[in-house]
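Read through the structure below, which is laid out as structure tokens, and then see the notes.
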Amino acid sequence: MSSPLSSETLSGVLVPSALLIAGTFFVKQEWVPYAVAVAAVFSAFRILTARPRKVLNPKEFQDFVLKEKNLISHNVAIYRFALPRSTDILGLPIGQHISLQAQIAGNPTPVVRSYTPISSDHEAGYFDLLVKTYPQGNISKYLDELKIGQTMKVRGPKGAMVYTPNMSRHIGMIAGGTGITPMLQIIKAIIRGRPRNGGNDTTKIDLIFANVNPEDILLKDELDKLAAEDDQFNIYYVLNNPPEGWKGGVGFVTADMIKVRDPYAIII
């Protein structure tokens, strides 16, 4: 996400202001003070509107437009929702989630479910949700049937936990299926805050990620890339139906497996 005082923003402020003042000087010099005042107001407006604005409201549901839908399997998709401005951010603290609301046919009251975006406030103008569609899943089916340009009601942030750098020396995680989404949010925040990236987060992360089949491992390429780039992040995959030559875990996640691979685990 670019800084509000990036070269692009500064050029968009300084160039028009300079042209206004110079043009006024050549036309009528006594108007220059007024031109300077107008340029100052314009510059302040441009800088203020370029700053990221948090759009989430914890008390009211707001409508966000579905911008893109990317299918990653027969029943899993990434839904990208646009924020009102390209410089807006969701304003979701790490470790928290959002509520989605929809009026489902046959239900007397709106249905509400919680989801964790896989995007972060470092990505302005949109937020992404990874959702698996279930036959009896009210909100997941509603999302699956949502058309580009239609809206979804969202409220937040919500949740009891907010992650802060180095709040724990070592974090262990166990996830299954789409339960990877809250884990990924924290993993990416920790890695983004490493000393090599200008932060001070030295937290070690161990993740056990359990699924049924190899094709069920969501976001595997992204997870593997993060692990390859960060020697303090380790992943152990577990499958019920492993392929030939599989080197990860097999079957259910066991106490012995957790003890060896993930002694600090929290289960999602």
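Glycine residues also receive a Cβ, built from the backbone N, Cα and C atoms like all the rest.
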Further binder of FAD named by TrEMBL next to Arg113, Tyr115, Leu130, Lys132, Ile139, Ser140, taken from the candidates Thr87, Thr181, Thr202: Thr181
Where TrEMBL places transmembrane segment among the ranges 7-25, 159-177: 7-25
For Ile139 (FAD binding site), the three-state class that DSSP assigns: helix
For FAD: widest Cα to Cα gap among Arg113, Tyr115, Leu130, Lys132, Ile139, Ser140, Thr181 in Å: 17
Neighbour tally for Lys132 (FAD binding site), based on other Cβ positions within 10 Å of its Cβ: 16
Structural state of Thr181 (FAD binding site), classified by DSSP into three states: helix
